[in-house]
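Data first, discussion second: the structure below is written as structure tokens.
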């Protein structure tokens, strides 16, 4: 894809003072920028120590210049990198000098990576991996981002796309050449086998992508329950400091409170919510309850808190089942029996009606270590991150759409009259997968993704 752009420039190192600061230039006018600032075009792919000149002939700085001619560069265009001293004034003088040249402007956030994508140097998943590597919160996440950048995720997706294409070819052949009855039986077996294989593949990819998404974005745990059961005390205990105001007055928490902790290197967002009461005549409290339900709908895991001092074990099932009936069907729930310091109940983990029940006293910090170990266990990833790639929520959504279309194909495969519908479902599955790598993506999606990158990337 040969595209014509303005020449762009940006600081590629963070703002502030440092030993080295880098300014990056990319585009058709890069060699002109080099001649104006350096008096020459640097030797290709070799570091040269040169002087950086102002247009009036004064010296701005001295440093290393690197020139990477396109198309064999990161963006696919000519690239110039100037490595000078990392003072903000020096770097600003360099940038201002560069953009005085006609046809050169400051780059938008992520525009270098966007050009690499548009010039087919990387795909969209690899472009996102660049931002993910920069933002990695742990060594595990960094290693997974490198895997994505090297194309592990993309290769997995492209392999499945090829399987779907092959499957669609077989379906189209059956539609277009119905008179070839001799091969119909063998084609049927081949189609069913290939479809089953594709379904197995998408399920395996979804599992790996979910793990990659947890590494990147963490997991969202929502603390909920009736008013005054100790939800705020629990978030304070898990955080290790006071996040929420704790009183004996029911309904103290009216809004959403968030706290971030790390468990085994995985970021965990813990959310305290307003108490879920049946009827409220307070408008502010009503809004808080609605926000609580919104958070519950988006949770990866729900901690349902019960006040053990007012709810006997025999009453717990009825109370919890009433609330759980309104929770998202697939979201796992753990029941927390709080205030054991009042009741004297045994601290620890038990199992009741297939739900894990953890008895604690948040106010006295009794059982908090048990709860933390339990949370670490339920969100833990495989000890080996070999082959693990980072994924985003949009990737999970695309994979879910693909899986649903393939399951629809499976339901229709026994009916010869539905072959055209199967072919259409396969095409839609193909399109959903291709959104991950950017082979089939809207302009608005691309704009949204690259706008979140930092300058100089």
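Even glycines carry a Cβ here, placed using N, Cα and C.
These come from Swiss-Prot:
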type    : residues                           : note
BINDING : 24, 81, 121, 457                   : (6S)-5-formyl-5,6,7,8-tetrahydrofolate binding site
DOMAIN  : 218-380                            : domain 'TrmE-type G'
BINDING : 228-233, 247-253, 272-275, 338-341 : GTP binding site
BINDING : 228, 247, 249, 252                 : K(+) binding site
BINDING : 232, 253                           : Mg(2+) binding site
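The two recorded residues residue 24 ((6S)-5-formyl-5,6,7,8-tetrahydrofolate binding site) and residue 231 (GTP binding site) have their Cα atoms spaced 50 Å from each other.
Within the same chain, residues at least six positions away from residue 81 ((6S)-5-formyl-5,6,7,8-tetrahydrofolate binding site) with a Cβ under 8 Å of its Cβ are 12, 22, 23, 24, 25, 65, 66, 68. In this structure the C-alpha atoms belonging to residue 121 ((6S)-5-formyl-5,6,7,8-tetrahydrofolate binding site) and residue 274 (GTP binding site) are separated by 49 Å.
Cα of residue 339 (GTP binding site) to Cα of residue 232 (Mg(2+) binding site): a span of 12 Å. Straight-line distance linking the Cα atoms of residue 274 (GTP binding site) and residue 232 (Mg(2+) binding site), rounded to a whole number, equals 9 Å. In the structure shown, the C-beta of 231 has more C-beta neighbours within 10 angstroms than that of any other entry among the binding-site residues 24, 121, 231, 339. Look at residue 24 ((6S)-5-formyl-5,6,7,8-tetrahydrofolate binding site): DSSP puts it in a strand. Residue 121 ((6S)-5-formyl-5,6,7,8-tetrahydrofolate binding site) falls outside any helix or strand according to DSSP and counts as coil. By the criterion of other Cβ atoms within 10 Å of the residue's own Cβ, the least surrounded of the binding-site residues 228, 232 is 228. Taken residue by residue with DSSP, residue 339 (GTP binding site) is part of neither helix nor strand, so it is coil. Counting every protein chain shown, the number of other Cβ atoms lying within 10 Å of the Cβ of residue 274 (GTP binding site) is 27.
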